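Dropping the structure in here first, questions after.
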């Protein structure tokens, strides 16, 4: 297919671009296969806006006389408006945008066409390989092994090729456990807490059904993670009610009688379209033009977004607490184990493990607990807050996770190596990107699409010094402790950096950030100067001493 | 009273046993715990209500609510003791004479000279001079020299030059409580001004020539503009209702060249109820997000804050951008008028955003113009209907602005919180009484100390590290966003939940940056010394090398001091906390030590709330806030053998 077929009008002149908090500018609009480009050469400054077609969540056209207006709503929540003179011109542009932003073949996406302009220092596709990560683990414990049972993705299509499982369980047993878990997602190691040797595992729900099926190998597998005489916790991310209902469809939960050493805790984290609805309502509230304070607060409340944030964080804290405070091992699952499960396991690691609060550590966490763990990014992030499609599989699961990370970052502003911009960047790239990292729904699909060969990894770009500097938190001081966030409503805030990003002037806040950087930079400069001078003096004095002698 | 239990609001399991003492000025609770003997001090004047609740098997619960939003729950074993404590507290927290207040017994060990110096720190005459008055258009009027015209006004009032004594007196007779239009802020750049007064006694048709001349004079004092705004900060309905009582608002037909404008800020009763409702939300044991947001909305608090801000923004815009003078009033002109004038001044003039300037601003628009501190904040036992969080709202407006303009204010949040605290504490004389006149009669300046001197002495604690006097944000008028911006107004947990440290960020950017800046300063000094030594050494290499040994000593000292400093720079003292944490019972232990207390040390330094200052950054959080849907504690080994549902589901 040629993109040219879809582009009815490659170029329109005298187009006026409207954006909140910017004066309207006139310029030329160009459409290419993957970008909408607006460039103006006004007297003061030439300006260009590049927008990926796949970033467009929805577009609407309107006419007043022969002047057409296209409103473009993006997945990163920005809204822009283009005034295009000439009805036919406008219709052509609108239908081209519509066609280009709704391509359904993955291989037509921009990452397959993108040619980086930067020098490749490190191939991000190889930055976080499971074997390398496992090396670190095997230096502290020998109770775990790498299993290649899923080498060709035949045992569990949504798992990576290699997984970490207890040493005492062989591949044959794993196969049987896989049959007992939805989508074959058998329990695997998610996190090893070095402080006390406790572990966190994740899986999908057991297929107990209404007649209470059991699986000896499953019991053996998860019991293998317990210390003698110790109990563990199973955190089910569904309410008891939902979990019970799941039995009718063949799912279910671990029965006390078969898992006597485990205590089950149910926490109701919402999923799927409930989350998508919540996002849509929240963004609608943030874009509300009314001056009425009551309306804002009630809309914010009605969106339930903050409730989801609170629930997810609370559950993650609970998991972390079981491990760190109770000294118990934990198994986390919901139904599929691809959404709320991953939110909980990844947030718990941020709370527990200082390494996850560094830039590379966090990247590694996203790779391990989201990409390799089989969170279906392509389905979940197909549309954002302005979508009308309302497909069941669209849900801002990853965005909620990032929001929770931001909440912790806000409460521990000195304990993270990265800043808020880093999280916002990940949000943007999960929804629309020139990199192949977030394409596909699991490793299996990524392998089939040959993403590592055909596209560039996001990490290749981010981990260059130039980019990295933008994402560094100036006031970071490594903190080796477990950090316990507060989750009371008073302690949680709306993530303005994402949800109000386009609705508020950010100048003053940016200036504050710059000032902070300036203060730290000046301090570092002085430290260096003093060091140099001290050394210089010491040398001189030594010379002096020698001369005296 | 011994064996009293101090309950933790969030978790009944966390009660501590201790002894309760009542002194003439404080309620003191001392924990029995052997190592720490943690103390909780509460000033009687901070107590807003004492409630005795139904006796239980454990004893008799006593609930003490404070005006600085602290809530203390005690359980006293003997009902009779509890009753005695209750009765004593009721009496002690309702003083009838000013002399009973703490400031008359409080002694920060300053001599007379220092006390006087302290009171001179904020000088309003100097402030008006700074604004640029008196000048060709404005002068001090002496009609109120011995409070002869208006007893709630200061003696020195600035009025337009063309307003004669006759006009002023005439106008004062036409205004509620004789509060005639007087200058609040003068804008040197364009001659526009903010004046304030009370409502006119216009009723349905009355008019007053002198009052009309007075407004005319205000307009003439700003030759660049041919009209003035008259801003009535009340809702229109309230103002109209006042007409029936012979009061009301200016009729545009009678006054030439005015533009009249209502800005609906609700009255003190509405505000009191609103705060009450919001505090109920803050006190909820483990609110869900919906409970909280719904309660916040229902209280209307943020709506009221925004109304005050909007009024201030309107006035600042009229003065700065249109160059038009504004006369502001409400009913009596001492509550909403004070709020609005001070918010507008703050927006207009960067000086008021400095620490000293902010003190001056409160002194100018609140203290001198007769804001009724005693009535509003219930310092003496009085009519509960007079109590209202008027200045609290102003202080919150400032905080909301600080959130939007992080580099624009020289002071930090702590400064605001401490001022709020002392408005109620009665530890200093600044905010006593209802007017300047009363304060003079009580000889406040000779018998008490000034808060401003105290704050100024500790100013290092109150600095905003992001403030730089040459930064663009610190220049000129602030322009907050006015388009739909409800989301810019946030709940201020640092104030209303300030005693629940567990709710707040565990690391303070402000403190961190202040430490860095302090280190930077020491580095600068060291650099200077090193450079000097280097120069000397190079000189000495040419011949003279006698001074060397001395300098070596100095270098040793310096090296030591910097290394100490870099230690102080790392913001992670909480590792100690973690060690002391009883490992098996997360719901019992830890807790930020200083959360609830006003320790004796702090009192000695006469700053009762430095607990906020020594921010213990605990890495550990109270579990019960974390799992609000349940009992807040993990089921212990034996408690949950069989039940399928864990305790977490109880909620």
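Cβ atoms are placed via backbone N, Cα and C, with glycine included.
Since the structure is predicted, the reported quantities are computational estimates derived from the model, not experimental observations.
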From the ranges B:485-512, B:513-540, pick the one that TrEMBL records as coiled coil.
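In TrEMBL, residues B:513-540 carry the label coiled coil.
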Taking the centroid of the Cβ atoms of B:267, B:268, B:330, B:331, B:332, B:333, B:334, B:335, B:336 as the substrate site, which other residues of that chain lie with their Cβ within 8 Å of it, listed in sequence order?
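Not counting the recorded site residues, we get B:198, B:233, B:234, B:337.
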What are the helix, strand and coil residue counts for the domain 'Tyrosine specific protein phosphatases' (B:299-343) according to DSSP?
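Once the DSSP states are binned, the domain 'Tyrosine specific protein phosphatases' (B:299-343) shows 31 helix, 5 strand, 9 coil.
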Can you give me the same-chain residues 6 or more apart in sequence from residue B:334 (substrate binding site) with a CB-CB distance under 8 Å?
B:152, B:179, B:198, B:369, B:370, B:371, B:372
Should residue B:267 (substrate binding site) be counted as helix, strand, or coil on the basis of DSSP?
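DSSP call for residue B:267 (substrate binding site): coil, neither helix nor strand.
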Roughly how many Å separate the Cα of residue B:267 (substrate binding site) from that of residue B:330 (active site, phosphocysteine intermediate), to the nearest whole number?
9
Would you count the other C-beta atoms found within 10 angstroms of the C-beta of residue B:332 (substrate binding site) for me?
19
Please give the substrate site's span as the largest CA-CA distance among B:267, B:268, B:330, B:331, B:332, B:333, B:334, B:335, B:336, to the nearest whole angstrom.
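Site span for substrate, by Cα atoms: 12 Å.
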To what whole number does the mean pLDDT across the domain 'Myotubularin phosphatase' (B:118-496) round?
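For the domain 'Myotubularin phosphatase' (B:118-496), the model's average pLDDT rounds to 94.
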Near residue B:330 (active site, phosphocysteine intermediate), which residues of its chain come within a Cβ-Cβ distance under 8 Å, counting only those 6 or more away in sequence?
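In sequence order, B:198, B:199, B:232, B:233, B:234, B:265, B:336, B:337 meet the Cβ cut-off.
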Test of understanding: give the count of other CB atoms lying within 10 angstroms of the CB of residue B:336 (substrate binding site).
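Other Cβ atoms within 10 Å of residue B:336 (substrate binding site): 28.
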